[in-house]
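Peer 1: For D31, the entry in TrEMBL reads active site, nucleophile. Look at TrEMBL and you will find D33 tagged as active site, proton donor. What TrEMBL records for D31, D33, D247 is Mg(2+) binding site. What TrEMBL lists as substrate binding site is H190, K221.
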Amino acid sequence: MAGAFGFKGCQKIRGPQIRHLLEAKDFFLFDCDGVIWHGEKAITGAAQVVNSLIRSGKRVVFVTNNCTRPRQNYMLKFSRLGFHEVMLEQIFSSSYCSALYLRDVAKVPGQVFVIGCEGLRRELQEAGIPCVEEADEPEATIYNCTLVPDVKAVLVGHDDQMTFLKLAKASCYLRDPDCLFLATDNDPWHPLSGGRILPGSGSLIAAIEVASGRKATVIGKPSRFMFECISSQFSGLDPAQCLMVGDRLETDMLFGSNCGLDTMLTLTGISQMEEAHEYSRSELSTNHGLVPDYVVDTIADFLPAFEDVEEEESN
């Protein structure tokens, strides 16, 4: 019931407020990186929260823009980090949703030229999407390389092996107005340790958009299509009964706003309260969709709510 709480509105909530919110919502969408884990380390209490939600009958899904690994690899990671209640059908990555889009929405009639990691290719292959095989000679250039005649879509994701030749090929394919231009996500960068950053898919997309003169259709957050994927696999899904929990205002909070979901920012990732307050004070109405409805320091703030329920049930 969006807006049903007096404590809604870009402020930290705790204790009874969190408990009331958890009782009111039936469906929880979690981002992964920065929300339930950092790299190969689960955020303290995250596994207990997720497992408790599932055991209590709540529906839980994971909505991530990370397109570098297939869902099967995510399953292994969840298990390795102690999220033992998570099932494959609860995982919605931008690579998986891109495969569904190409297969079920675009019904692409030819091959797909992919700029991305092996995990993205594996999701496409599992969906039966034919991809162009990279078979160029080491010294090949755009002047003498092979261009496949039946490419009907260019899909761009995170690619740590990006080359000028890939950029040039994608631009050539996109000269055909019937060739789709899709992107797994538009994340500009990702934080690394020591203050360094890793350029994200958005930086690659920008280069191809400039070279081709076209704009990509983004599949991942904040696009509504990821929620449509979830809705198609969970019948009777009511946006008013959903809570989107994430750590990035420009993707997670905007995604929730675009889909009519209540949103919660955790402060264990990229965005912090100061940025949220800046967006809330903005004169641009478009920035208000980036403002979270609720804020917690960490997902572990959910734990006391479960402990209260267990204590009541034991009395």
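Backbone N, Cα and C atoms are what each Cβ position is placed from, and that goes for glycine too.
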Peer 1: Using the CB centroid of D31, D33, D247 as the Mg(2+) site centre, which other residues of the same chain sit with their CB within 8 A?
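Peer 2: After dropping the recorded site residues, what remains is C32, G34, V35, I36, T64, G246, R248, D252, T266, G269, I270.
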Peer 1: In angstrom units, rounded to an integer, how far apart are the Cα atoms of K221 (substrate binding site) and D247 (Mg(2+) binding site)?
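Peer 2: Approximately 12 Å lies between the Cα of K221 (substrate binding site) and that of D247 (Mg(2+) binding site).
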Peer 1: Work through the binding-site residues one by one (H190, K221) and point out the residue whose CB has the fewest other CB atoms within 10 angstroms.
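Peer 2: Looking at the binding-site residues H190, K221, the Cβ with the fewest others within 10 Å is that of H190.
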Peer 1: What's the CA-CA gap between H190 (substrate binding site) and D31 (active site, nucleophile) in angstrom, rounded?
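Peer 2: About 14 Å separates the two Cα atoms.
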Peer 1: Quick one: pull the CA-CA distance for D31 (active site, nucleophile) versus D247 (Mg(2+) binding site), whole Å only.
Peer 2: 7
Peer 1: So what sits near D33 (active site, proton donor) in its own chain, CB-to-CB under 8 Å and at least six residues off in sequence?
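Peer 2: Set apart from D33 (active site, proton donor) by at least 6 residues yet with Cβ under 8 Å, we have T64, N66, H190, D247, G269.
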